[in-house]
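Taken straight from TrEMBL:
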DOMAIN    54-144  domain 'Ig-like'
DOMAIN    154-234  domain 'Ig-like'
DOMAIN    248-336  domain 'Ig-like'
DOMAIN    341-428  domain 'Ig-like'
DOMAIN    512-598  domain 'Ig-like'
DOMAIN    605-700  domain 'Fibronectin type-III'
DOMAIN    705-798  domain 'Fibronectin type-III'
DOMAIN    803-898  domain 'Fibronectin type-III'
DOMAIN    902-998  domain 'Fibronectin type-III'
TRANSMEM  1019-1040  transmembrane segment
REGION    1047-1075  region 'Disordered'
COMPBIAS  1057-1075  compositional bias 'Polar residues'
Amino acid sequence: VTYKTSIQPIVSLQDGDNSVQCCILSNTVCKLMYNPNAIRSFILTCQPTVRQPPTIIKQSLKDHVVDPRDNMVVECEAKGTPHPIFSWRRNGKYFNVARDPQASMRRRSGTLDIYAWADPEAYEGEYQCVATNEYGTAYSNKINLRISRAPLWPREVLEPVTVSVGLPLVLDCSPPPGPPKPETYWMSKYRRVSMGVNGDLYFSNVYVNDSATDYCCNARFPYKNIIQQKMPITVRVLTTRMVSEAAPTFLSPAGRSSSQTVLQGEELLLECIAAGVPTPVITWTKDGEELDTTNMKVKNYNKLLQIPKATFEDSGEYMCTATNKIGYLEHTITVRIKAAPFWLEKPSNLVLAPEENARLVCRSDGIPRPSIRWFINGDTIEDATPVPNREVSGDTITFRSVTVANTGVYQCNASNQYGYLFANAYINVLHATPRILRPRTDLVKVIEGRRAWLDCQHVYDALLSCVCVLHSNGTLQIRGTRMDDQGTYLCIVSNVAGRDENQVKLEVKESTKILKRPENMRVLRGTDVRLECKAQHDPTVAVTTTWLKNKQFLIIGWRLSLDESTLVITNVNRGDEGNYTCIIKTELDKNTASARLVVMDRPDPPTNLQLSDPFERSVRLTWTPGDSNHSPIKEYLVQYDDDDWLPFKWRNLSTYPGNLNSVILQLSPFIIYEFRVIAINDIGMSKPSRSSANFQTGGAPPDAIPKNIQGVGTWRNNMMISWEALNNREWNGPHLKYLVWWKRRDSREEWKNATTWWCKYYIYDTDTFTPYEIKVQAVNDFGMGPESPVIIGYSGEDRPTAAPLNLRVSRIEATKVTVHWDPVARSSIMGELKEYKLRWLSVSRAMKSKAFPASGPRLSGVLPGLIPYSNYKMYIVVANNRYEGHPSNTIEFSTPEGTPSAPRSFRIQQRHLDTIWVDWDTPAEPNGIVTGYILKYQTVNATQGEELRVEEFPPNTTSFAVRRYDRYTRYRFTIAAQTRIGVGEWYTEESPHYTTEGITLQFNHAYAREQVDLSTQGWVIGVMCAVALFVLILLVVCFIKRSRGGKYPGTKKNRQQDSSISPEKASEQNSAPLS
């Protein structure tokens, strides 16, 4: 079906038994039915057209800015029956569009198109659209058409701006005015430097590094979305004066007080920019109380208060206070809120029947209160034809027993000095037969307990038992429906011209209820979450479950799943945080339940690190805190990196409470720093912030004192003064040097000094081992640091000139001796007495030494580790830190006898099956004259009653034979040597288990301890059995060969040739050379 109509039609199909029987095309005016089986295939049924005065439905803004390069469009759309005719007024006069070659109106519309590319400014002005039909005239707002201007700065040469360091500075912007008004910004904005509301750049105080040649003001024009840049401004900062601290003064606004008036609903901007050194801090109060910032924004380091939509509660006295350590200054801004007219009750269109009463209300308010003027069809109501049943009273027009003569469009204008309101409302008096536009049968479904609305012009049924309300438009409202309200309702519409009726069926369903609602949760990142949502609903309707997150539908994925109606989120992260809403929905109703999921995590890193208020040893660091992620920030860790040639080696500087975001850092002078900040909460530490800009502290004299100062001589006539170098952070300035001071101790001579770059300094031509007083201090270009404490150093040492006297020994023992000597004179040591060193010549002819510390007038010591029964020679020398003196007298002495060590090479042998033979060698260390040997032996498996046998031998006997009872008897032998002093070290050994005659085993001391009896090992017995079996088989084979004739491989001829070789030939062959 192809259709064309000004009212959108509705197409529906009616089903027959096997095929489509009828197609219906309808709208609110006509219905077209097509039946291919009928004789009259098309039937068109139309209701009479309802007349309607014109109504403005679309228009341009009151302040309409257009681009002259494009087609200038002023919109005006209206509806009415019949369709209205459009015209325009310009600057209060009729605008003949038809005669203007550069303007035209669109078809069936009042929209105005202007093609004024040559002279667009000629079309600027105030336009008003007029829509008229035979039942009235409607007017649009007065539209102020303005042409956007070219946003260009003049190409001017700007003189350089010269200012002394520490003084305030204002750089002018003055962007093109527009329209529309541009947005301005500068590239440099921080706590000390900020942009004002008027676009100028304010410096609270000027630093040396503010000198630049590229200060540019930029303007963005939102209408054309382009950016224009002013010519660069050059700023030169003079350093001829010292920076002195100054109390705050206001740069904007000037003076101690000011006032500001703003309209209700418009943006309110309050600004306070102050100068001073250090940079002042701005605080605000309102009417003497602390400022409530709930509905406002504080920007630009507290210098700007922004209230997006001002209300009457925002009026009052705002006081801004600028404070630094020198003083403070206050400025009071009185804010007055005015209001352009705004609607309290806007007049609405009325469709009336004859003899009805009505009224039009145009109620508005504003400051000051607006005045009301009424118009009818564009003419003032005072100039219109008087009508007896119409009465005008201020903002209300009252109609009594209306007639067709009251039909028309009424305009209301409410205005004061700040603006106006304009509205159209028509009165349409109709006399027509009633009808019901809804289908003849209708089904209404409603949830139990809800209101039911049955639309109709009138309702008549005296037997209704429900709680119902009959509205003036004929709609039947049933409040709090119950199950027994189900049934069929009859709607009757009637007037004097006729009647119509319709039946409406009402079904009542159970409401949907959520039994288990999701709960608010606070969880750690990485955990799993279940948001439960269980519901009960009417069983006759279908139900669906949907989840929203922050009012957006959730997409079920690999981490998000549904367990029936429960939402399961695994491994939650920061992105899962938000408000979750469960929607249980049927075709009639829905129920929702919401819960907030909060994901706790480590805080976000701080941002926007700024440095200000620089001083010699400090700077202020300010940052913007990152999101705490629902776990309060406990503290901030400030780290620094300096110029120590190890980049990205961050060190901890200090920690600060979590409620601070601006701190003063105590630093070392003359170091280039950069900083970063880490936020810490109960969950953990944030990632480090981006590093700040580099900052170099001023120079100062050194604070540190050189450490570990020493004065020692490296030769007999010099002294080396040394100390530990200061690290880079202790320099405090460039060109670090060391100033060395010295003088003789206990002398009246003046201090001598020298400057060096190194960590040591040599003094020459000194006396030997002379004490000096020494001190060292660090020096740089800014001055001298503190002096170190005075220490005592000594010049070089020389060889001692005297030798110890009267060296002697006493209490000579076998392994040690006591040594005595007389000390040397202190003056002969030629240095610091370090020790006495004893040297002796041992039996091995090797020189050995031992040092003894000096103590007391008569000295002695014990010399251990001597060998008994040995001769020794010894002498002693005195030593200082560098040299040893001459040797003393040499003495000789002998140590007495001692006990010997164990005999060497103890051996156990079996020479016969019934005899064990043992022998040994003399001790390695006899420690005297060996007088004999003692041998103890006993069987290994001896009983407790068996006697231990002891044999003594002279020194020339080193063997012994023991007869044993049987071949399986084993003995444990213990042997020692002796001198006249006593018995020496014992050695113990056990005899092995002998099984074969003639086998002799010899053991040394280490090897014998590790031996076992091989005759008892299983593998030995197996090998011996295998060998015996192999020998037996070999004998049998040989016997068999011999019994067959004893023939061997080889021919008779070969054997004869072999036997004919003489000894001489054999010798010749043996002597032939090899080839």
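Cβ atoms here come from the backbone N, Cα and C positions, even for glycine.
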Top stretch by Cβ pairs under 8 Å to the domain 'Fibronectin type-III' (605-700) (candidates 54-144, 154-234, 512-598) is 154-234
Would you list the DSSP helix, strand and coil counts for the residues of the domain 'Fibronectin type-III' (705-798)? 3 helix, 47 strand, 44 coil
Selected stretch (most C-beta pairs under 8 A with the domain 'Ig-like' (54-144)) from 154-234, 248-336, 341-428, 705-798: 341-428
Take every residue in the domain 'Fibronectin type-III' (605-700), average their pLDDT values, and give the whole-number result. 90
